[in-house]
Amino acid sequence: MSIFNNLKWNTFSQVFKILTQLISIVYLARIIPPNEYGIMAMAGVVMNFASLFRDLGTSAAIIQKEQLQDETKSAVFWLNFLLGFLVFIIIITLTPFISHLYNQPKLLIVLPLLSFSFIISGSSSLHLAMLERESKFFIISKIEVFSAALSLLLAIILANNSFGIYSLVFQSLLNSLSSAVLLWIVSPWRPKGKPRHVINHLKEIFRFTSQLSLFNIINFFARNLDSFLIGKYMSASILGSYNLAYRIMLFPLSSLTFIANRSLFPILSQKKNNYKEINDIYLNTIYIIWFITLPLVTVITSLNKLFIQVVFGEQWILSADILFWLAPTAIIQSVLSTTGTIFMSQGRTGILLLLGIQGTILTAVSFMVGIHCGIVDLAKYYFIANAIHFIPCIIFTMKTIKSNVLSIFKKTYPLFISAAISFILISNIRAHFASDIKSLFVLSAIGGAIYLLLLLPTSESRKLIKTLQTKIKKR
């Protein structure tokens, strides 16, 4: 069980999935019309919300639990299968209403087909959780890569044969089905008949799962409130500009934190009583996340207008002003997103829930105030809300692992000094460059080089380089 191996395999899987998504977008978008992508987006809203109830946090509980009886596994398996079936039935029942709400008849077929994936994933979520619990990410990543490639191939074949939106639907279904079948093949565990004392076994994990589920639901609404309010009280073009800036911020952040959290959770759960080791692991994780995030944010923030003009065009210039505030928000959220892993690994989902409620209130207030001041001010208030929320979150996180915030400051302050100097220098020399793609690359390279050169003499950077060299040599 090695964090380096977990990170390596999860990175491999995530990068491959991103590549298949990009290929899918670039190739299939030339064949499938925009309105059909729009219908898939509508279905995606329903599917994303329904996924919150897919396993109600039982997979995380299986990974976190120190001692795991076979009957508990069977109880969780049958619960997940039942939940998947119930979600499937509920979506089918509500499909006519949803189709009427969106005024899209195709949803009458698309939603029931997509919802079948809940039955498929419900039958294999326990097997996936068991593999994650044992940190067998080398197996998981191969399954995910194979399933992503196979489903993309099917989508391309179907799209070229005029299946339209159903190319995307069957891509999603095959991805789920292929993953489920392979998980059953590689996992030695098999469910037993109806386990005795089902309720007692589920009671063991009920507090953990109920609090985690409530947190996920609250977090879902907090993350989608901005689009709802902007869409309702501002124009569609402003919402489009905001969404572009948000995606630029979220894309690298979500991939980075997904890899970190997925790799850390089983390791930290197994070491839950070894606070010194957990503290070392977590501090190193924060350092690496900010080591990667800070130069990206520095370049995007200092070159926000040039970046948007060159990459997306003058018509998206409003996104540049929004990005100026959303990009630094990524610095906060990149570490904020990892605090949940600490609370979950320690079984402290109650604290996670309370902090989630606090974050939702702060986010809602920032949006409701900002919506009356303009889109740029809304982004600014969102940044301020995140900064305020970060303080109690990181304090409670470090207290949970018997440490303090000062240890984070001592380890990471050189990163912020280097990023600040890089930001100032790029901002000052920007006026001497033209507004073209060559200037964007040159200025980005200068910013990155300054950042790295300033960090090279620091002990933490030398330690990181030495660790990576050692790991690479061992391969």
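Cβ coordinates come from backbone N, Cα and C, glycine included.
Automatic, uncurated: that is what TrEMBL annotation is.
Pulled from TrEMBL, these are the features on record:
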- 12-32: transmembrane segment (TRANSMEM)
- 38-56: transmembrane segment (TRANSMEM)
- 137-159: transmembrane segment (TRANSMEM)
- 165-185: transmembrane segment (TRANSMEM)
- 205-222: transmembrane segment (TRANSMEM)
- 242-260: transmembrane segment (TRANSMEM)
- 281-302: transmembrane segment (TRANSMEM)
- 322-344: transmembrane segment (TRANSMEM)
- 351-375: transmembrane segment (TRANSMEM)
- 381-401: transmembrane segment (TRANSMEM)
- 413-433: transmembrane segment (TRANSMEM)
- 439-456: transmembrane segment (TRANSMEM)
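Distant neighbours of the transmembrane segment (205-222): 48-49, 52-53, 56-58, 60-62, 64-65, 72, 76, 340, 344, 347, 349-350, 352-353, 356-357, 359-360, 363-364; these residues of the same chain sit at least 6 beyond its ends, with a Cβ under 8 Å from one of its Cβ atoms.
Ranked by number of Cβ pairs under 8 Å to the transmembrane segment (165-185), the listed stretches 12-32, 242-260, 281-302, 351-375, 413-433 are led by 12-32.
The list of residues near the transmembrane segment (351-375) in space but at least 6 beyond its ends in sequence, with Cβ under 8 angstroms from a Cβ of it, reads 211-212, 214-215, 218-219, 221-222, 225-226, 229-230, 233-234, 238, 241-242, 318, 322, 339-340, 343-344, 381-382, 384-386, 388-389, 392-393, 396, 400. Tertiary proximity for the transmembrane segment (12-32) is limited to same-chain residues at least six positions away from its ends with a CB under 8 Å from its CB atoms, namely 137, 140-141, 144-145, 148-149, 152, 155-156, 159-160, 164-165, 167-168, 171, 255, 258-259. For the transmembrane segment (281-302), the neighbouring stretch richest in Cβ pairs under 8 Å, chosen from 242-260, 381-401, 413-433, 439-456, is 413-433.
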